[in-house]
Every structure is written in C-alpha cells, then in structure tokens.
Amino acid sequence: MTSASAPPDLKAHGLSPEEYRQIQQQLGRDPNPTELAMFGVMWSEHCCYKNSRPLLKHFPTTGERVVVGPGENAGVVDLGDGDWLAFKIESHNHPSAVEPFQGAATGVGGILRDIFTLGARPIALLNSLRFGPLTDPRNRRLMARVVEGIAHYGNCVGVPTVGGEVAVDPCYSGNPLVNVMALGLLETPAVVKSAARGVGNPILYVGATTGRDGIRGASFASAELKEDAQQDRPAVQVGDPFLGKCLIEACLEAFATVAVVAAQDMGAAGITCSTAEMAAKGGVGIRFDLDRVPARESGMAAWEYLLSESQERMLLVVQKGREAEVMEIFHRWGLQASVAGEVIAEPLVEIWHQGSCVVRVPARALAEDTPVYVRPLLPEPPEYVQAAWQWDPSTLPPCDRQGIHLPQKTLAWEQVLLQLLASPTLASKAWIYRQYDHQVQNNTVLWPGQGDAAVIRIRSQKFGVGEVPPLQAARKAIAATLDGNGRWVYLDPYEGAKAAVAEAARNLSCVGADPLAITDNLNFGSPENPVVYWQLALACRGIAEACRALGTPVTGGNVSLYNEKGSQAIYPTPVIGMVGLIPDLKFICGQGWQQEGDLVYLLGSQAVTSLGGSEYLAAIYNKVTGRPAPVDLELEKRVQGACRHGIRQGWVRSAHDCSEGGLAVALAEACLSGGRGASVSLAPGSLPWDQALFGEGSSRILVSVDPAQRSPWEAYLESQLPGQWQLLGQVGGPADPLVLTTAEGDPLLSVSLAALQGAYYSAFAD
C-alpha cells in the first residue's frame, strides 16, 4: 500500500483543502488514491450530512411507540399486538434529472432495501414528486419517465404504490424532486441491526453482481447539477426489480434462521459505505477482499469496486460456521453469495485487491469523524422574505360576490374555481396513479384519490403459495401520507415547515388514524448560500416544534441539498412522511360526500387563512408573495381530535383537509370524489371574497355528517371547539351542482359536476 506522491485532484473527489488536511491528520499520512476516493464519497453531503447534522439534532426522536429511531436503515414504531412498522423516505433527485426512468426506479429499489434490511416485508410505497411547468416538453418528458420508472419497479417487485403528491412550479424546471417512502411490517423476532459484531464472523456479499454503474453516485448527489448534466448519466444506477424481489425473499428467509448477525444494504457509496458504517457502528473492523466480489465487468480497479452503486446488493455479518447455510438460501433464489470478508478486532476498514492491501483506514474516520459545518445564521429574514411580507392583498384587483373585476373583464368565481382545479398542482393525478399497481398484496383499503391518506390493512404477508390468511383476521390498519408545500416554506420557512407537519397529521386524522411518527425529506439548495442555510435552519425548527406539539417524533429521514442548477435553486421543500394507526377498520373515512342530505361542516376557523403563498395567487395572478397564515398547533390538535372522535362515533361520514386551494377547492374535491353536488353558504364575516373562497391555512377540516346525529355532534363540537366550527350546508344528489352563496343567500357560484370534472381531469390528460 503506497501513499499518493502527486498532489491529488481534490475537486474531482468533492473535497476541500481543509478536509484533505483533516484526512491527513486522522491517518497520520497522505491517503493513497483509493483511500482518497473512499473519503470523497463518505465525506459527501449525501453520506455524512456535514451541513445539516447540527440542525437535525433538535428533532424529537423518542416516544412511547418508537422502537428504532434515527441511525438505522429505517425507523420502526410499535403498532401494538406484536406488530412493528418500519418506514423511511429517501430522495433520488439528481439521478432522476439526468436519467429519469432509472433514477426513479432505483429510488424505489433503494428505499425498499432500507425496509427489508431490518427484517420487515415491504407492504406499501408512496411518492412525492415536483416538476417544472408541463407546458415545457422536457419537463413533461421528465415527469412521464419518472412515473414510468416508479411504476416499473414497484409493479414488478409486487409492492403497491398507494399514495403521494405531485406539485408543479417553475423553480423545479430541470431539477425535479423524486422522494419515495416505503413501509414494511416486521417478520423477524427482532429488528436486524446494521452494527457488525463478533470478531471472526464472516461477511457475506449477496445479491447482484458489481459493475461500473452508479460510480460516485453519492458525490454526484452532493453537488449542483451542471448545465451539461447528461455527462453524469454513468453516475445513475440501473435497477432490476425482479432480482430485487428475489433479494427480499432471500433476505427475509435468511433472517428467519437467526444466523444473520447484522445486515446493511449497498446504496450510496456501495461497498465503501457498507463496510465503514457496519464497522464503525459495531466498534470493530472489517477485512474485505474485492477479489471475492462477483463482478459483471472485467478489469475493474479497486476504487471502481468500492464506489460502484450497482443495485440489489447487500452485506451480511453471519455467525461463524453458518455461512454455508445462509449462502444456500441466496443461491436457491438465483442470487450471488460469497464470503468476502470477516469481522476483525482492530477498528479498521481493510480492503484487499489482487493479493495486496489497498486500503487501511479507521472505520470512524470514514463514517463517524466526518466534517461538520455550523454555519452562521442570518440575523434577520433575507430581503426577498421581508419584501414578500410587506405585500398587501388590497393591491389586487377589486372583487365582490360577482367575481374579480379585471381592467378588461370580470372573472366570475366559477371561472376562478375551474382555473384552479385545472392547475397541475391541484388537478387530479389519476393519469399518474393509474400507472401504479395499488392493489397488489390485497391490503389497500383506501385507494389513491379516495381519501386524504392511504389506508393499508395490517395483515401478515408470511404465508405459503396458495395460502392467504383470512381478511377477518385484520382489524387494524395503517394510514400513511406525504405532504409538503415549497411555496409556503419559501415565503416563511418556520411556519411553512410547521404547516407541512400539521397537514400530514390532519390528513391522517381525516381517514380516522392517530398520527404516530414522521420521516422527513429535506430538499434544499446549496447550504453554502447563507439564504438557503437560513431556510434550512428555520424549517428544521418548525418541524421540531410541530412534531413536539403533535406527538409525532422523527424516526429518520433524508437530506438532499444542492438542488439547484446555475443560479436557480428550488424552493426549500421539506416533505413530511407520516404514519398513523387506525384501531378499527370499521371506522375510516374517505374524502367524498356519501349521502344526499348529509350536513356539511367546517371544523376550524376561517380567520386562520391567508392569500400569501396560495395557489390562487400563483394560478390567477402568477404571484408568489405574501405571508402564509401561521399555524396554531393547539387549535390543530383540537380540530384533528374532533374529526377522529366524530369518525369513531359514526357521526362523520366524510372528511377532507381544507388547505391548498382553500374552501372552494376543498368543497369541489369532495363533490368530485363523492359524485354528488352540495349547497353551501359561507358563514358571515368580514373576509374579502377571494380570501373567504380561496384563502389557505391550517387547522381546517371539511366534514359531512349524518343529519340524524346532528344533536350529539354539535354538542360535542361546542364542548371541544367552541366558536370554531360552522354548519355550511348540505350534500346534494348526483345531478346537483356545487352551489355557494353568501350568508344572506346571495349567489357566489354554481358549477355542475360535469364542469368540475372537465377542469379537474384536464391537466394530466392522456
């Protein structure tokens, strides 16, 4: 093993001169080229979170249901009755920008490995997607290929894609966001951890062969996208969902033998990351021989083996003497399996290639003792925020109950509503989710578009061919959702991030679930930009506060920085993945009206709304300005609690979050989902008409209630939400329009279901 003799090209490794000096200090010498390549990927933002780690430590991470928190491959929560749920979110933003099909597909494959590596069988997938305007053919192609990639991997591997969200904004042009969340139920007696243990225990390489695909993928994901980003296509991994399915089954079968001491999937930074993290977490070392790694290409150098991110690969630490037993399982599933290393006492990562030791570095130097940057925080909001907060809604064209009076015409409220429903962010995503298999495994209770959150039956998937456990054995269910609003966070990072957590919990409450915990994906620009770092820091504060208030600890997540191209950064976009528990499947709710004559109520207050950052401002006036409404977390808890109680008492027949698009859009969505009209009167108040109809805010839920239950329902509301609920009207029939009037009965808008459908299903039409 020799040291580098010439000055290294630090830029190629994504390292600064100061970081190189830290490496020299930790090693007591210069790293050789192979070691330097390993440090380059392990010290990248994608792997070590050097800019975000100080901010993440403020998140609440413990709770009575938390079994596994941050630090493992995924978080785990206790659902009771011996059921444990693993869940996690990951991003594949940069790869999807340059190779959308494979970038998105391998994002699905990677998050599934995080789940089953713990010993959990994957039961559901969700995704959160952001694209630039679909009028641009490139953005439309990106979207189509991303959706195709997600559908391909999920459908082939046999895991249903049950929900998610899609937003469209110019800031995501050329820099799409592809965040994927997976859920799984534990099948092993205990969680399979990733810390290597037992000196002398063999290390098994299992799964697919290793090639040159995905080399330096972690470094690629830790830098800004270049204008000529297509040259980075070799950094994008290539997945095989059929092989991935075999890997799921082989791993779960191997874990059931209890011969596996530790497991780690090979994702970002491949063999480098897996060996370093397993050794560092266990306080031991790993000796690894690259000559024993099954390769799909000849002539690969040591650094290529180490940095390859070929998919569907795992490292296992196995009890000594039981390696043959475990390898036989993988061979039977048609997978590679070989003894490629062993656990050693000295806490080093020692890599051998062609009979020589090519790497010998402390495991902690690669995985734990990495750079950390605590950057100064702006003393006050940046200029763009201060300017936005000065915006006055009175500068908009005048409006009355007829509509908006523009210089050349009056835009009726019916036209405004239809224009909003046709905007890609609010429009139906049926064209997208129709491509996903959301029924495979036969546990999806609420399909995409039916409710504010996905609902998945809790039923063991451990059965033989031709054997299916009875449905009546499943009483409980899991609810899951993904939520984020980049515009709100751009205009107010602290309140916008709080609102994302609150909306996720609200969506779970709307289907009848108790919110349990979250996983978060922080999508931001370059932290080296003081404005972006300020956005990131305040968003983390907002998430932490909301999670504490709502009792939803953070069990893990992902940070994706440097989401920018040239001088154009995306909006700061934290995406919250939240899971909840439904104690009894008899008491769940969809978002659509159920019965003609049901009473329509609004829980919460219209006074908590704002036009700042609204879809109304963006779609009608092409403005992104103002200040989003602050989140009253105490009111949020009471509104959600009232909704859940009403569902479990059998009073509430439908429930729908009132957020993006405001009250008028929420009413239209309930009509569309239920196939029925409604007649509604706005409560008396002093709000301008545009804010009353389309203002956005938190802590509001639209529900429909059995009229026979009006008395106990309203008595309960008055005790729990005094003065903060309104009876708006009643549900109509399939032939009735959506009618909104003033409190005095004067007409505001009347739109037929056919017109609503024509607008709502137009944005993503085939």
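In case you wondered, yes, glycine gets a Cβ from its N, Cα and C as well.
According to Swiss-Prot, the residue from Gln22, Gln237, Gln386 that belongs to the substrate site alongside Ser91, His92, Asn93, His94, Arg113, Glu309, Ser310, Gln311, Ser560 is Gln237. Neighbour density around each Cβ, counted as other Cβ atoms within 10 Å, peaks among the binding-site residues Glu90, Arg113, Asp265, Asn558 at Arg113. Counting only the Cα atoms, the space from Asp265 (Mg(2+) 2 binding site) to Arg113 (substrate binding site) is about 6 angstrom. Of the binding-site residues Asp114, Glu309, Asp520, Glu309 has the largest number of other Cβ atoms within 10 Å of its own Cβ. Among the recorded positions His46, Lys88, His92, Gly557, the residue whose Cα lies closest in space to that of Arg113 (substrate binding site) is Lys88.
In the three-state DSSP assignment, the secondary structure recorded for His92 (active site, proton acceptor) is coil. Its Cβ placed at the centre, Gly557 (ATP binding site) has 26 other Cβ atoms within 10 Å. In this structure, His46 is the one among the active-site residues His46, His92 with the smallest number of other Cβ atoms inside 10 Å of its Cβ. Spanning the listed ATP site, residues Tyr49, Lys88, Asp520, Gly557 have a farthest Cα to Cα distance of 17 Å.
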